[in-house]
Amino acid sequence: MKAKSMKSIISVPISVSKTGKMKLTASPDNLASMMSKDQNKLIHLDPVPSFEDRHEIKPWLQKIFYPQGIDIVIERSDSSKVTFKCRSVRSKVGLNPKSKGSSSRSHACPFRIRAAYSVRLQKWNVVVMNNIHSHELRFDLITKTDDYKKFKENLRQKNDEKAIKTFDELEYKASLNLPLVTPIISCDCGLTKEIEAFNNIFLPLSNPPLTSKKNLLKTNKNSVSKIKSRQMDNSKPRPRLKTKLDADLHDTGFLDNFKTRNSCVKIEKEDSLTNLNEIDFTNMFCNDNFIQNYNQGLMELLTEPTPGPSSSSCILPSTPTRPLSQSKMDIALSESTTSSPNFMETDAPYGDEIIKVSKDTKSNAPTADTDIATNLGKERNENFGMLNYNYEALLHFNDEHFNELNSIDPALISKY
């Protein structure tokens, strides 16, 4: 993998010094992951053991950098500062043994490590100055140098069995051209970009762009605003027409009764009523109490009518029955008359007496030429309309036709 592609996928621990400056820190165990990319930044090694002598720094650094293929040598040294560099080890295959090595800058590796003693902290500070190499890092070439052989002998003297075992494995892999370190495996799962051996996970160096979060916040705000707008629309009052009729208003069952004034359609105060023609009057004539009372009274007054001839010019069907008694006629007329200004009282001769009859002055009342008898054959729920039509026609008789009252079926007139 190229070095440029590694810059955005490796996590670097950052610490703050006492002077307030940001610095990169890495432990010796995690230094390999820090060194896997090219960068020109200072990498502070922490923790660093307490060295008794400056000569102990080089074996400690060789133990860290040899597995990475870096052969370090001392470039400059004094009592309080030591500078190490990378020795460029090249293969001798195809080279003339008599030719001298070139001392040009193109063959010099810029990799540097600085070790400085801090008088205040009483310890050595080790910093990687430049993590750039101008050559290929190969461990198999390092194993052939004299410094590496001295390093292995020093480990045997210290009885560092763990380090000896590790380097023996590296030598065996290098002899068989096996990879020394498991290569970084690219991951397209979306959770992590790169996964290294020994469960080392690399994360982005810099903070990820906040565009996705901003977009998410914007979408969330939009959705919330839409929900709020919908809730506000639902909470707005809408104009509604409410038709409420009192249950105990119809004593007689007729709309012209003075007690039915309060049964007018009540419309609540709304902002606007667009169409007043859409009022529902279906429940206005549905009065079960009246229908039940009407059926009961009808059974009391009902007599078997005798069929007779009927003419189309007559308003009511002429059914010859017994003459209507004066008491029942007075009850029907007295309870139907009202003090409403829509009615006009007139005197109608009936035999030897004069009866007061109320006439409706409204234009929508049925007349002699209207379809009064159209609902006579309907079901139980329409009996009220039939009776109302017949009685309204009775009230609109002229004085000349009032003698036909004797031919009206008394069953059609309620005793209420």
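We number each residue from 1, going along the chain as drawn.
Using N, Cα and C of the backbone, Cβ positions are placed for all residues, glycine too.
As annotated by Swiss-Prot, Zn(2+) 1 binding site applies to Asp53, His55. The Cβ of His55 (Zn(2+) 1 binding site) has 11 other Cβ atoms within 10 Å, all protein chains considered.
All protein chains shown were included, and the count of other CB atoms within 10 Å of the CB of Val119 (DNA binding site) stands at 7. Annotation source Swiss-Prot lists DNA binding site at Arg54, His55, Lys58, Ile74, Glu75, Arg76, Ser77, Asp78, Lys81, Ser88, Val119, Arg120, Gln157, Asn159.
DSSP gives Cys109 (Zn(2+) 2 binding site) a coil state; it is part of no helix or strand. Within 10 Å of the C-beta of Cys109 (Zn(2+) 2 binding site) there are 17 other C-beta atoms, taking all protein chains into account. Sequence annotations record features per position, and here Swiss-Prot assigns Zn(2+) 2 binding site to Cys86, Cys109, His133, His135.
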Checklist line | Nearest-integer angstrom distance between the alpha carbons (Cα) of Val119 (DNA binding site) and His135 (Zn(2+) 2 binding site) | finding: 36
Next item on the list: Translate the DSSP assignment of Lys58 (DNA binding site) into the three-state scheme.
Entry: helix
Check: Per DSSP, His135 (Zn(2+) 2 binding site) is which: helix, strand or coil?
Finding: coil
Check: What same-chain residues, at least 6 away in sequence, bring their CB to under 8 Å of the CB of His133 (Zn(2+) 2 binding site)?
Finding: Ile70, Cys86, Cys109, Pro110, Phe111
